[in-house]
2 protein chains.
Amino acid sequence: MTQDKRILITEVALRDGSHAIAHQYTVDQVSKVAKALDEANIPYIEVSHGDGLAGSSLQYGLSRTHELELIEAAVAVCRQARIAVLLLPGIGTMEELRQAANLGVKMARIATHVTEADVSAQHIALTKELGLEAVGFLMMSHMAPVEKLVEQAKLMESYGADTVYVVDSAGALLPHEVKERIRALRQHLGIPIGFHAHNNLSLAMANTLVAIEEGATRIDGSVRCLGAGAGNTQTEVLIAVLERLGLSTGVDLYKMMDLAEEIVAPILQVPQEITRDSLVMGYAGVYSSFLLHAKRAAQKFNIDSRDILIELGRRKVVGGQEDMIVDVAAEIAKSRQEPAVR
Amino acid sequence: MTQDKRILITEVALRDGSHAIAHQYTVDQVSKVAKALDEANIPYIEVSHGDGLAGSSLQYGLSRTHELELIEAAVAVCRQARIAVLLLPGIGTMEELRQAANLGVKMARIATHVTEADVSAQHIALTKELGLEAVGFLMMSHMAPVEKLVEQAKLMESYGADTVYVVDSAGALLPHEVKERIRALRQHLGIPIGFHAHNNLSLAMANTLVAIEEGATRIDGSVRCLGAGAGNTQTEVLIAVLERLGLSTGVDLYKMMDLAEEIVAPILQVPQEITRDSLVMGYAGVYSSFLLHAKRAAQKFNIDSRDILIELGRRKVVGGQEDMIVDVAAEIAKSRQEPAVR
């Protein structure tokens, strides 16, 4: 057991937040935000395209600035904070990981779908080989039953991960579901457990507190809620709540409040509210990339896109299976035309 | 015991939300919002100035439209929803309560500071005399210890209140504090218990779920988070979460999502985010009216306004004691000039 007592925060506004501003970060913005976060004593700052290293593409959204430039800028201004990167095997490669390490990155988070931990083995191994801290990042964790999640987390541990995260990518987990997941991982793993929330159901803070209560010590936050969907656990608010609860993070609350208001808020183009789309995503437990496809299919079949999304969530359809969206829409439309069973 | 099993929602966007738009509601806006809420099957809709009946004033903010006109408009469009009003004795009078009842209002919520329930006796009595449902509304509930809260709630029950609410006006309560308060009220009162949250610490949903778990059956929400400070529990999100938890509200989720997006969102001038000011208010547990005074005093004494607000919260300073703000600022400034004790 290497569990720390202190809660270690990873700030994700410069990675997950990239989604919220269509990947338009400039070197100047990243330098200012990273410098202020460093001065507030945030221990880890993640910098990458929203979909991880090499995410910049027509499919995932083109970055305004090459992420290696942004990483370099962040590394340059930090005195104590360690820069982290996200890598989704299949999008990013071993080569990008080496480049990031060369720039002074200290932690790599290797992210896979919750049932596909096996694709992370080589990347976790390389992360350790490069002398970086390795984090296994199990996305869409709400889609797997607890036993499956434990099995996948143990795989990541066996590959050498120093920490494994439960990642609620769709903001779909309910507090009791977080509780059973973190509890099970604590029982079955010997490494620290982390939690990454999204606020689509307005439960990011609730779920984060439950995770901490159950022993998670690595927690993600995004300052001013700057993350995909409805954003993440709002970092400066989390610091305030943890102080009120008597839990130590080492982070300076006033400095966090100030940088949120003065440096990060002006970067936001669209407010981080819980809109209909982000709510539907959390309620149905689906990828945000499904939304547009579902709306098109709904129009074609004259049905409600939400019925499609909820059915996709029920069937646990994953990224890459977008062709199923039209099939599901057709089925729903057909079932409505049939006479009701008496 | 007259406890219902169903969770009964009171929508407060047309009352608490009035703060968020500087009391600028028009008859047209209120008609449209109330009609859509009624069609979504919301059981109670509160309509009043943000500070309750007769709140329109230089001190509390002038309403653009007389609230009786807004109440009349809401009553006119509702087929099933009951219109409620808020009344703070000292701001509103018995006369306004009679006028509201004449317009077809079915519920009055009589609000006092958590330690001043005794000023609600006559207003609760009149509410019952007029044939309305009477709710006791204990504001700034975080300021009183649990025993005091129970004592004050019992007073309201003894005056004839049909329901008593724990009101977290500053958004300052932590989940375990909500738990012990609702639990104690359930043990000591025979009437239904309600909960009204604010989201200043991003805990509105967390606290609302804890309140429901402990047996609260009357819950306030504001659609699109349209309430004072950082807003309240976001109603359409709450309906989604309660559905996921298998709890019945009778409210139509899709209709709530649609009215939030299409009717309420366009009314908002400023997004309902957790800003530095609303966070400080929740962290310190003080009235929002203290913020401006504290900033002025901070400038005068060259200190941080947050230190003043936190000290005011510690001393449990209440509305009407604004003169203490400069005293506290002076003390803080003085203590900083004294040589450190060795």
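Using N, Cα and C of the backbone, Cβ positions are placed for all residues, glycine too.
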Looking at substrate binding as recorded in TrEMBL, which candidate out of B:His176, B:His188, B:His196 goes with B:Arg15, B:Asp16, B:Ser169, B:Tyr287?
B:His196
So for B:His19 (active site, proton acceptor), how many other CB atoms are inside 10 Å of its CB?
20
My understanding is the cutoff is Cβ-Cβ under 8 Å with a sequence separation of 6 or more in the same chain; which residues meet that for B:His198 (Mn(2+) binding site)?
B:Asp168, B:Ser169, B:Ala170, B:Gly171, B:Ala204, B:Gly227, B:Ala228, B:Gly229, B:Ala230, B:Gly231, B:Asn232, B:Gly282
For the Mn(2+) site (B:Asp16, B:His196, B:His198), what does the 8 A shell look like? I mean other same-chain residues with CB within 8 A of the CB centroid.
B:Val12, B:Val167, B:Asp168, B:Ser169, B:Gly171, B:Ala197, B:Asp220, B:Ser222, B:Gly227, B:Ala228, B:Gly229, B:Gly231, B:Asn232
DSSP three-state assignment (helix, strand or coil) for B:His198 (Mn(2+) binding site):
coil
Among the recorded positions B:Arg15, B:Asp16, B:His19, B:Ser169, B:His196, B:His198, which sit with their Cβ under 8 Å from a Cβ of chain A?
none
Local Cβ density at B:Asp16 (substrate binding site) - other Cβ atoms counted within 10 Å:
26
Which entry in the list of binding-site residues, B:Ser169, B:Tyr287, has its Cβ near the fewest other Cβ atoms, using 10 Å as the limit?
B:Tyr287
